[in-house]
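Per TrEMBL, these features apply:
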| type | residues | note |
| --- | --- | --- |
| SIGNAL | 1-23 | signal peptide |
| TRANSMEM | 161-183 | transmembrane segment |
| TRANSMEM | 203-226 | transmembrane segment |
| TRANSMEM | 238-256 | transmembrane segment |
| TRANSMEM | 268-288 | transmembrane segment |
| TRANSMEM | 295-315 | transmembrane segment |
| TRANSMEM | 327-346 | transmembrane segment |
| TRANSMEM | 358-377 | transmembrane segment |
| REGION | 552-583 | region 'Disordered' |
| COMPBIAS | 569-583 | compositional bias 'Basic and acidic residues' |
| DOMAIN | 650-928 | domain 'Glycosyl transferase CAP10' |
Amino acid sequence: MSSQLAALCAVTSFLWLINSVEDHQIIEQPRLSSTLILLIASLTSYATSHFSGWLPGANGRFDDELGLSSTGNKTRPISQRNFPKKPRRYFVLILIVCIILRLESFHRVTADLQCSKPGLEAFLPVLILAYQLYSSPRRPRTFDEERDDFTRTMYEAIPDFLARSLYILVPSTLLISFGAYLALISEPRSTLFCSPQHDWARFVVLVQWAGVVLDAAIVIIAWRILAWARTTKSRLRTLAGILLVSGLGAGIFWGLSGDGVGSNTLFWFDVVIDGLTLATLLVSSSLLAPEGGAVLGFAGVVTFITGFLISVQRVWTLGSWENVSGWQTWGAVVGMSAGFTFFLHATDIKKVMFIHRAFVIMALMAVVIAVSIFTPIKMSKGMDSHPLGNLIYDSRVESDRWLIHASYSDSLPSAVREYGERHYGRDPPKGFDRWWEFAKQKKSPIIDHFKQMGGDILPFWGVPPAKLREDTRKAAREIDMALLQIQNGTARHNLPTENPYQTIMDELVDLIKDFVEHLPDLEMAINLNERPRVLAPWDQIQQLAAAGMKRKKGSSLLPGGSSGGSEYGNKDMPKPRLTEAVDKDELLKNTMSPKALRELTSLSCPTGTKVKSGVHWDIRDFCSSCAKPQSNGQFLTNFGLSLELCHQSDLMRLHSFYMTPAEAPPTTSLLPIFSRSKTDNYADILLPLSHPPQTSPLTPPKTPQPWSKNHQKLYYRGSISRPYSDKPLLRGGQEERLVHLTNLPPSSPSTTTTRLILPNQSRSRAHYRSVSTPHLNTLLPFDTAFTSYSPCQQTPSSCPLDFHHLTSSSSPPDPFSSQYILTLDSSTSPSPLFLPTLSSPSNVPFLSTIFKEWYTDRVLPWVHFVPVDIRFHGLHSTLAYFTGIQGQTKEHGSTDGKWIAEQGAKWAARALRREDRQVYLFRLLLEWGRLVDDGRDEGGFKISSS
């Protein structure tokens with residue numbers, strides 16, 4: 001009973017560790033985390049030793065329980081006969097060195113995880129068994145046994161030989177390990193790539209194998225040391241001493257590495273939890289050490305449970321893009337089930353964590369039968385039609401409903417009622433009737449749907465007007481900020497003529513001039529930097545937003561301040577500061593590192609979400625749980641949800657926005673800053689703002705050529721001029737991944753595969769298939785390249801050679817001569833090419849972004865544009881639907897592509913004109929003017945009862 005309880009605790013704690021460590025903050029500082037966790041486990045083990053009287057084995061080495069008497073029993077099971085040899089004195093030192101080396105090998109592999117191979121750890125039981133086969137002493141045969149051999153037949157001798165031989169464990173252990181390996185390698189890979197020229201892929205795999213060998217050495221040596229401890233107290237104190245010295249040794253490597261000290265409260269919480277869990281695992285395992293076959297039995301059980309759970313999960317994904325190899329999954333389940341059944345008998349394990357092995361074997365037989373029936377049915381099912389065809393049709397129907405919802409009001413009274421229903425019972429701002437007339441005059445198709453605007457300004461209802469006015473001035477003094485002032489029906493800004501951003505502010509003032517006489521006096525801090533600026537904690541935003549929801553006419557939840565209005569004319573406008581004009585030392589001092597930016601971003605997410613819980617470190621494998629909420633297979637079905645970060649922790653390592661330093665670091669205070677674009681976590685207020693002159697987008701021809709005359713290909717040209725690049729960014733940035741993925745040469749390793757929908761050769765139903773990515777690139781019309789790539793010029797030694805060959809040296813072709821144009825984010829902002837592409841009836845924008853702009857919620861995916869997940873796992877399938885695969889499949893969606901191009905152009909001409917920017921800006925300024933007015937709680941616009 002006691003050993004079963006120890007085994008249950010050991011297995012449970014192990015499974016908890018391997019499943020939760022990925023969501024913890026400790027990965028961000030691995031050496032410091034390893035040191036602290038080992039020290040905490042050491043202290044916990046030592047403390048537990050004081051309660052050893054309550055634990056099994058308190059008075060000795062379980063000699064009676066294990067039957068290790070001098071007489072012995074020739075038929076004792078393997079699990080009791082294979083007691084380890086007595087350890088040498090220097091074994092403790094060797095164990096400590098192995099632990100430290102294992103930690104360093106782990107750090108080395110995680111640094112280049114994209115080059116590692118999955119599943120190698122599954123062969124740990126094989127290495128342990130190999131050691132036991134090598135070291136197992138041969139018991140001399142007695143005279144009675146020699147005499148009995150002459151009287152027994154071959155059939156009688158075989159069972160006795162198998163009962164006495166460790167070789168019976170070989171087939172069962174191999175089946176368990178190989179089955180777990182099949183389960184682990186079936187996971188889809190992410191598009192983060194390994195450069196064969198610079199990443200030393202073979203060395204990383206070699207270090208992986210060295211890590212597995214070290215694991216085996218650590219387990220075996222620890223087993224020999226702890227099994228020979230005379231009491232449980234001495235065993236736990238020996239364990240505590242080993243962990244203590246190992247932790248101090250790991251701390252030396254941490255000090256030499258120059259890593260900082262974790263300052264995040266969640267980091268320290270995760271360290272304590274993981275340290276206690278590791279202590280539980282090690283203490284429970286040490287209680288099993290006196291059992292002769294415990295080390296192999298525990299390794300076999302853990303490997304089986306881990307691999308089996310993954311295999312069962314893979315069964316549910318059969319037929320989807322995540323699992324195209326059904327028979328591999330079936331083989332993993334059957335192999336591990338058969339191997340574990342033999343393993344239980346060979347090691348004479350009667351119970352698996354309180355469950356009798358007979359019930360375990362019966363359950364495994366039932367699972368094997370169910371999987372054998374389910375696999376061929378699921379794999380042959382297929383799809384009656386392409387999911388993109390259905391998705392486009394459903395989006396088409398939904399767009400009609402959305403347009404009705406967006407322009408439900410047909411009169412001013414109905415617009416006022418609709419406003420109250422959508423804004424927590426609040427009246428519209430004063431001047432709403434003027435806005436209504438202006439919107440109708442400009443023929444705006446959007447009258448009621450301003451969800452983005454409402455969400456942007458809602459938290460500021462929880463801030464007093466006087467503080468908003470004060471914070472506006474405070475924000476305007478920051479780097480790359482401008483101040484827009486409206487007073488007495490006149491708009492002006494503070495940028496001088498020589499300022500490179502002056503044209504942006506001039507255009508903004510020009511947009512306002514048609515309705516400026518209807519605006520209240522106000523000031524706005526305008527962000528001229530490409531990056532958003534306000535990254536306030538989630539708790540603060542929610543608290544202020546909740547207060548804002550309660551503020552209606554006549555309420556006074558927060559104290560007011562001095563009167564606003566006329567005070568603007570009595571203050572000088574602050575002098576703008578540009579990044580280029582700031583002292584380099586000051587700029588470097590204020591620059592926020594990518595690590596600090598990611599930590600700050602995590603605070604903007606609610607508790608319990610992936611980003612708040614920890615850093616996603618398994619960048620090698622595709623994060624299915626991150627993509628599934630907004631996807632149907634490989635295709636985005638909820639574009640709005642795909643822009644939310646908090647449940648997509650992998651994007652922190654797959655988008656350069658989170659991997660590059662911020663020269664203008666975000667503020668954690670809720671300052672009222674207006675920006676062109678932002679990600680979902682930022683609290684900037686979006687407004688229609690033109691792009692700076694250096695990033696002005698191309699414009700489509702006034703008379704575009706017909707759709708059929710354009711080249712049927714996907715066009716992309718990237719230009720990267722950032723001063724900062726490191727290995728994770730060069731391998732994981734969205735632009736690098738795209739160009740690498742779509743330009744893999746035929747000579748690339750055949751293991752690089754892509755999964756997409758292909759028709760079955762014998763049936764009309766379509767199925768997901770795994771195809772070599774280099775071969776598929778030759779069959780799909782990709783035209784992607786870099787026009788310039790400064791990181792290769794700055795640090796050629798660390799730059800992937802692939803990009804030298806992929807950079808287009810000649811002048812790029814006209815993008816509007818291609819039917820499909822991929823608009824992709826840069827490291828600071830969304831692509832300026834999206835709106836020009838959308839407005840062309842001969843081009844379909846493929847939009848891959850994490851950013852929001854003022855118009856984001858009024859353009860509809862699969863109706864006006866084609867959304868592409870930033871992970872690019874569905875890019876080949878999406879393009880194959882519209883263009884077909886050369887020589888294999890006919891194009892399904894060319895007609896749909898043309899329809900999307902036409903719908904996008906029509907909608908851009910109706911809802912994304914200059915007039916629509918004015919309508920949006922007019923309403924935004926009315927809302928902001930009310931927020932900064934001390935009399936904002938006295939009531940808004942009302943329809944006269946007369």
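Every residue gets a Cβ built from N, Cα and C, even glycine.
Curation plays no part in TrEMBL annotations; they are all automatic predictions.
Long-range neighbours of the signal peptide (1-23) within the same chain, counting only residues 6 or more positions beyond its ends whose Cβ lies under 8 Å from a Cβ of the stretch, are 55-56, 274, 277-278, 280-281, 284-285, 287-288, 291, 298, 301-302, 305-306, 351, 353-354, 610, 613-614, 616-618, 649.
For the domain 'Glycosyl transferase CAP10' (650-928), the model's average pLDDT works out to 87. Against the transmembrane segment (327-346), stretch 295-315 shows more Cβ pairs under 8 Å than any other of 203-226, 238-256, 295-315. Within the same chain, residues 7, 10-11, 14-15, 18, 79, 82, 122, 124-125, 128-129, 132, 169, 172-173, 176-177, 179-184, 186, 219-220, 223, 285, 288-289, 322-323, 329, 332-333, 336-337, 339-340, 343, 347, 349, 352, 367, 371, 374-375 sit at least 6 positions outside the transmembrane segment (295-315) and bring their C-beta atoms closer than 8 Å to a C-beta of that stretch.
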